[in-house]
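Here's what TrEMBL has on this protein:
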type	residues	note
DOMAIN	1-326	domain 'Amino acid transporter transmembrane'
TRANSMEM	21-40	transmembrane segment
TRANSMEM	46-70	transmembrane segment
TRANSMEM	137-158	transmembrane segment
TRANSMEM	178-199	transmembrane segment
TRANSMEM	242-262	transmembrane segment
TRANSMEM	268-288	transmembrane segment
TRANSMEM	300-325	transmembrane segment
């Protein structure tokens, strides 16, 4: 949302103008939207928002790839190397290592969808069997996203070389056509509005089910009140759900305003959650369910996979923590927009 405001500022006043814009008012707007959407009772009611987010994801990814191709055709490809940034020229040796570790965390986060996998499977009909539908959907989903990730990475690097921004849309790799960049950034905003709910709904559901079991007689937690909403029908308000979910969104918004470092946190969360949720538990459950014999060929290779991914996650976690510390040291909050 900030990128849209800055893009319009650059278009009016030129690319040399700094166009500083405060994140905080727009973060508050984002939080208000999430407070409303968080009152959606459960994951089953979320399909429309998930579809909208997916469409937005394809839209801005395609625009980013298209703009990269246009830049390569117009300006020619930038100098690229297999090893990326040059030590002593672009970065120091230590910076290169830390950034590589952080990038691994970003990649891990991009594939850490296991937290919502069971919730999605739970929304499917029993025919055809859920596991077969999910296996097919996961294969198509991972293949498609991998294709887009590779195209964005390769074409973005070809277009910008070692000067590639962390995000070639919000990081202003492109300034023109400004309306198309604005549209792509608006798609990112809508996508993240949906993604926030997709990742939070399992947490909301888990806490609320636990509290219902823990305090079944507490009316504040268990009772619901029907309210007629125009164009919707009867909406059942639960006091605990309203208070708990609103508090969750407010706390996350405050943390985001204190630490507005998207890539650093993406790497940190990806590194912390990838190994236990995407690798360790699924593989161990598979071994237990299929009764794979200890020290057999399959068992050994699955264990190698588990511990190799653990090392990768550990490295990514260290790199992301270092990146976050570095960002905190250099962070200077911007004041309100000044368009001169």
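In case you wondered, yes, glycine gets a Cβ from its N, Cα and C as well.
Nobody curates TrEMBL annotations by hand; they come from automatic prediction.
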Intrachain neighbours beyond the transmembrane segment (137-158), with Cβ under 8 angstroms and 6 or more residues off its ends: 58, 61, 64-65, 68-69, 72, 77-78, 80, 110-111, 113, 117, 164, 168, 173
The transmembrane segment (21-40) and the transmembrane segment (268-288) contact flag, 3+ Cβ pairs under 8 angstroms: no
Intrachain neighbours beyond the transmembrane segment (268-288), with Cβ under 8 angstroms and 6 or more residues off its ends: 104-115, 299, 302, 305-306, 309-310, 312-314, 316-317, 319-321, 324
